[in-house]
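What Swiss-Prot says about this one:
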type    : residues : note
MOD_RES : SER2     : N-acetylserine
MOD_RES : LYS8     : N6-acetyllysine
MOD_RES : LYS25    : N6-acetyllysine
DOMAIN  : 28-132   : domain 'Calponin-homology (CH)'
MOD_RES : SER138   : phosphoserine
REPEAT  : 166-191  : repeat 'Calponin-like 1'
REPEAT  : 206-231  : repeat 'Calponin-like 2'
REPEAT  : 245-269  : repeat 'Calponin-like 3'
REGION  : 273-309  : region 'Disordered'
Amino acid sequence: MSSTQFNKGPSYGLSAEVKNRLQSKYDPQKEAELRSWIEGLTGLSVGPDFQKGLKDGIILCTLMNKLQPGSVPKINRSMQNWHQLENLSNFIKAMVSYGMNPVDLFEANDLFESGNLTQVQVSLLALAGKAKTKGLQSGVDIGVKYSEKQERNFDDATMKAGQCVIGLQMGTNKCASQSGMTAYGTRRHLYDPKNHILPPMDHSTISLQMGTNKCASQVGMTAPGTRRHIYDTKLGTDKCDNSSMSLQMGYTQGANQSGQVFGLGRQIYDPKYCPQGPAADGAPAAAGDGPGPGEPSECPPYYQEEAGY
């Protein structure tokens, strides 16, 4: 198998645009620093072409054995493509065992096929920073040293005292006051005497945010608990007014529904508005108002049951 089997032709369209953007992020100055750092640790020459000098993986595996001895036990010297890819895979595995973050790694094809040399450069810079963090001394100052953990242990008393401390993100209440504020529940008017606006004509002016109940009344409402009778057109009873209420509005005359016919209307009975109806509870019947002997009662049997409640 020839060494040119994995080579690709030129890219076009979107692939070419992506490749050009990745190449634009490549830093030649960082490449020169990495070249000096690798050659100083391994003693091997990378060559003028950075990608071709590292694509076989021999120099990179040697670098990892210098940073962490024995991390790559076998280095393939063959020029076959799968041997070179195996070296790159072993180098990536050695970086993981060295403590590299997964986001800082690159794939073998990124270097072997020049797919993403920018990511290769980022990975090698992160490797140099990890080596500096572990105390490696080299003649080239490259990479960023990782920060170390600064752990603090506090006792329970200190932790409880910290609960009373207001962080700077919470703001401050040192300048807050309620001077000039009216008492809670006081009427707030929509006029300002400083602007020479006349005061309201009455005391019904309130803020728009407060709403109003000035027009609410209970005129025409019956007292709570007033008896509501049931009328039935089959029994010859008629409505006294238009105050009829459906059965769904409730029934308060008993705990059962015996004798009720669902679906019929209900009306609120009041002798003031129904002069032809039976007399109010407890009121004596006038002479001649009651039924004579043998005559049926004007009130239907249902009214007589209701009156006995």
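Note that Cβ sites are derived from N, Cα and C of the backbone, with glycine treated the same way.
Annotated pair SER138 (phosphoserine) and LYS25 (N6-acetyllysine), C-alpha to C-alpha distance, rounded: 26 Å. Counting every protein chain shown, the Cβ of SER138 (phosphoserine) has 14 other Cβ atoms within 10 Å. Counting only same-chain residues at least 6 apart in sequence, those with a Cβ under 8 Å from the Cβ of LYS25 (N6-acetyllysine) are THR118. Summarised as a single figure, the pLDDT of the domain 'Calponin-homology (CH)' (28-132) averages 91.
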